[in-house]
Amino acid sequence: MLKRYLLAPGPTPVPPEVLLSMAMPMIHHRAPDFLPILDSAKKGLQWLFQAKGDVLILCSTGTGGMVGAVNNFFNPGDKALVVNGGKFGERWTKICQAYGLKVEEVTVEWGYAVKPEAVEAALKKDPDIKAVFVQATETSTGVYHDIEGLGKVVRNFENTLFIVDAISALVAQDLKTDEWGVDIMIGGSQKGLMLPPGLAFVSVSEKAWKRNETSKMPRFYFNFKKERENLAKNQTNFTSAVTLIIGLNEAIKILQKEGLENVFGRHAKLAHATREAVKALGLGIYSKESPSNSVTAIEAPEGIDGQLIYKKLREKYGITGAGGQDRAKGKIFRLAHLGYADTFDVITGIAALEMVLKELGHSVTLGKGVAAAQEVLMQ
Ligand SMILES: *Cc1c(COP(=O)(O)O)cnc(C)c1O
């Protein structure tokens, strides 16, 4: 037998309490018994997003939330500034272009974080830019972009919305939506929220709702104004993802019991321990600055294919991490510490990594990475 461990940056493991909560018989999404469930989910998300305004709940993957953030607030020909420092930055560009926006990019070398000054310079040069799109965590490179710093820049531009894909960052990073001036922030169920895939969450600021009134793009399924009206009545526009929303309440309950500061602290510690272990094994961290608390991107040793490490971890030891994407394919592999993750997820991943590296002919002292992780985890 091979016991399976999920250490991917989404989907992530689902706690047993959450799984059990989703095993109850189906209830009707317009019936009175569902309304308090949605009300509770709504409030829980506001707590998690650190946002006073509505957080819409969409039945889609995270990308659906990203699409809605484009086709509910703009008109074809509008100018958008996209921070592109990896695969998901690239996705913003593709979505914006699909809807006829004129995209200008601030390109960031893979493995590096955007400089808020670079965004400021681009906005000063072209005051016609209607929005800045960025990832909080660029999952493909394991880099966290400075959302607070970017918020300070964008808030000075009256006609510019600040739109953040926090799908892999939410829960792992402290993201103060209101305080930092984020107009639209997007989350997804299968990352930090410890749920199966299928829900997207989108917070919308008053500034963004004003913009919504002037946006004439075609929309039907992702109609945020209608979602907002329904949310006020503890409903969704179409059939609610009843089961997942019940699970969401259970997941939020777990997070609330731990407390936001502790949740962020736990992720920071797991990420730190992972990085120390990787360094102790003589491997490099792909994120040259601002490594994220969600996922660690690790450089494969010289002469060893990163995809092979990923494959061996999975096939021989039952550990599903992630490989590299696009230009990083073969060069890196990734281990997540996101959501329902704790001390022994890190230890397990690192111990298996040592065994795989040794099998692939890399010189390692077994236990060296584990010991380095333990030192951090015991603090
Ligand atoms: C996972 C992820 C997404 C969305 O992926 P879906 O498959 O649509 O849920 C978007 N952005 C980032 C940064 C991600 O990590």
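A Cβ is built for glycine as well, from the same backbone N, Cα and C atoms used for every other residue.
Feature annotations, courtesy of TrEMBL:
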- R334: substrate binding site (BINDING)
- 5-326: domain 'Aminotransferase class V' (DOMAIN)
- K191: N6-(pyridoxal phosphate)lysine (MOD_RES)
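The secondary structure of R334 (substrate binding site), as reduced to three states from DSSP, is extended strand. Here the domain 'Aminotransferase class V' (5-326) returns a mean pLDDT of 98 for the predicted model.
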